[in-house]
Amino acid sequence: MSSHAMSVVILAAGKGTRMYSDLPKVLHTLAGKPMVQHVIDAAKHVGAQHIHLVYGHGGDLLQSTLKDASLNWVLQAEQLGTGHAMQQAAPFFSDDEDVLMLYGDVPLISVDTLQQLCAAKPQGGIGLLTVKLDDPTGYGRITRENGNVSGIVEHKDASDEQRQINEINTGILVANGADLKRWLAKLDNNNAQGEYYITDIIAMAWNEGREIAAVHPQRLSEVEGVNNRLQLARLEHVYQAEQAEKLLLAGVMLRDPARFDLRGTLQHGRDVEIDANVIIEGDVVLGNRVKIGAGCVIKNSVIGDDCEISPYSVVEDALLDTACTIGPFARLRPGAELLEGAHVGNFVEMKKARLGKGSKAGHLTYLGDAEIGDNVNIGAGTITCNYDGANKHKTIIGDDVFVGSDTQLVAPVTVAKGATIAAGTTVTRNIAENELVLTRVPQVHKQGWRRPVKKK
């Protein structure tokens, strides 16, 4: 790669009319994050010292969504073409740096391809990313003289002969800052669209005797843009297939790769098994021998060795120690923590709660703002009543406690080690060690009772 300092310009001013959306086009998500964020991440990984983001439609929403202090925001008040967009950013270019031009709606461009492009840029020339298509209709054609790139002709301006060319311009290029500023100043809009084309600088460079090096991406999907939701869905499919392939080759068993979604990053150990229709969001860590059942959603969580998550469970911002079992149909909300061997069964919800070693909450339970010790049994239908209408309060349960079914723990309350709470109890006061607590209404029997009969 060139040893020059480098800036990146990302064009993101388009309205995205064909998306039929109030959201700026580049904020539509692919794999769980805005398209333009994929491009920003690639720019950072390729070594950009400065990133200039050219925006127009929905600028306030763009800035509030991306929240990236490292970006230089450049307004393009009128959308008069790619050359015009680059002219808005040109005052920020240094003469001695390389400037790489990218697009906010071309989300799958790879760092490897960008590195190859930058390395191929000739001294004083231009590095240009091109591809060959079976059907190049609608794209700017690459013209060559004696095999060397000499210019780009937009489809609407191309002759019948030029339209037979199948090598097309992707729009991605890199050039020296001083050269780029000089060429941009010479652009005019004397063309069928009445716009300022960045592509015109290729002919300018050729006429100055500069070399233009054409580089091809590793995959066509890297340079495919998004103009409508169908194209976005297709790129999502491509991206997910690539991620699934990488995971399979790294030893993760995806039972159905076509029904797996990665919307973030996944670190994993050995012998991990993931069933169909699982969604991974944010930053997730899976230990060795973790098994995840069908239909689960795992988000921003760490799951230890030998854990098993049964089907249709949701785990978000949670921490699981080794050998924990979850679900089916369990929900771990932010702040949930399970220690070694803990079990959370079906229709159990936890939030800001810790379940100790070997403790179990088998079914139909809510545990919120709770600290639960080791070897505790939480009976079906138990609820920690943590909210009084204004503030949240904590429930503390010691080791070896037995909580019977249909128990309500009205926080703040503490249950000491070894206590037993009988089924159907409402706990409103602290319980001492090894106490039995029950608050049942006396059971009444009425012999020969007859139910009321409806009047006809």
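Please read every residue number as a count from 1 along the shown chain.
Each Cβ is built from the backbone N, Cα and C atoms, and glycine gets one as well.
Predicted, not measured: the structure shown is a model, and the values here were computed from it.
So that you can see what the record holds, here are the features copied from Swiss-Prot:
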- 1-229: region 'Pyrophosphorylase' (REGION)
- 11-14, Lys25, Gln76, 81-82, 103-105, Gly140, Glu154, Asn169, Asn227, Arg333, Lys351, Tyr366, Asn377: UDP-N-acetyl-alpha-D-glucosamine binding site (BINDING)
- Asp105, Asn227: Mg(2+) binding site (BINDING)
- 230-250: region 'Linker' (REGION)
- 251-456: region 'N-acetyltransferase' (REGION)
- His363: active site, proton acceptor (ACT_SITE)
- Ala380, Asn386, Tyr387, Ser405, Ala423, Arg440: acetyl-CoA binding site (BINDING)
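Distribution of Swiss-Prot features across the structure.
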{"residue": "Leu11", "record": "UDP-N-acetyl-alpha-D-glucosamine binding site", "Cβ contacts under 8 Å, 6 or more apart": "Val54, Thr82, Ala85, Met86, Met101, Leu102, Tyr103, Gly104"}
{"residue": "Asp105", "record": "Mg(2+) binding site", "Cβ contacts under 8 Å, 6 or more apart": "Ala12, Gly14, Gly16, Lys25, Val26, Met35, Val36, Gly225, Val226, Asn227"}
{"residue": "Glu154", "record": "UDP-N-acetyl-alpha-D-glucosamine binding site", "Cβ contacts under 8 Å, 6 or more apart": "Gly140, Asn191, Ala192, Gln193, Tyr197, Thr199"}
{"residue": "Arg333", "record": "UDP-N-acetyl-alpha-D-glucosamine binding site", "Cβ contacts under 8 Å, 6 or more apart": "Glu316, Asp317, Ala318, Glu349, Met350, Lys351, Lys352"}
{"residue": "His363", "record": "active site, proton acceptor", "Cβ contacts under 8 Å, 6 or more apart": "Gly345, Asn346, Phe347, Val348, Ala380"}
{"residue": "Asn386", "record": "acetyl-CoA binding site", "Cβ contacts under 8 Å, 6 or more apart": "Gly368, Asp369, Ala370, Lys392, His393, Lys394, Thr395, Ala411"}
{"residue": "Tyr387", "record": "acetyl-CoA binding site", "Cβ contacts under 8 Å, 6 or more apart": "Gly368, His393"}
{"residue": "Ala423", "record": "acetyl-CoA binding site", "Cβ contacts under 8 Å, 6 or more apart": "Gly379, Gly404, Ser405, Asp406, Thr407"}
{"residue": "Arg440", "record": "acetyl-CoA binding site", "Cβ contacts under 8 Å, 6 or more apart": "Ala422, Gly424, Thr425"}
Spatial neighbours of the region 'Linker' (230-250) far in sequence, C-beta under 8 Å, 6+ residues away: 19, 28, 30-31, 35, 107-108, 221, 224, 257-258, 260-262, 266, 268
Chain-internal residues, separated by at least six, CB under 8 A from Gly81 (UDP-N-acetyl-alpha-D-glucosamine binding site): Asn189, Gln193, Glu195, Tyr196, Tyr197, Ile198
Which listed residue (Asn227, Asn377) has most other Cβ within 10 Å, given these are binding-site residues: Asn377
Residue distribution over DSSP helix, strand and coil in the region 'Linker' (230-250): 20 helix, 0 strand, 1 coil
Among Gly104, Ser405 [binding-site residues], residue with fewest other Cβ within 10 Å: Ser405
Around the Cβ of Ala380 (acetyl-CoA binding site), the count of other Cβ atoms that are within 10 Å: 18
Three-state secondary structure, Glu154 (UDP-N-acetyl-alpha-D-glucosamine binding site) (per DSSP): coil
Among the acetyl-CoA-binding set Ala380, Asn386, Tyr387, Ser405, Ala423, Arg440, as the record gives it, the longest Cα-Cα distance in Å: 24
Where Gly104 (UDP-N-acetyl-alpha-D-glucosamine binding site) sits in the secondary structure, as DSSP reduces it to three classes: coil
Averaged pLDDT score, the region 'Pyrophosphorylase' (1-229): 95
Around the Cβ of Gly14 (UDP-N-acetyl-alpha-D-glucosamine binding site), the count of other Cβ atoms that are within 10 Å: 22
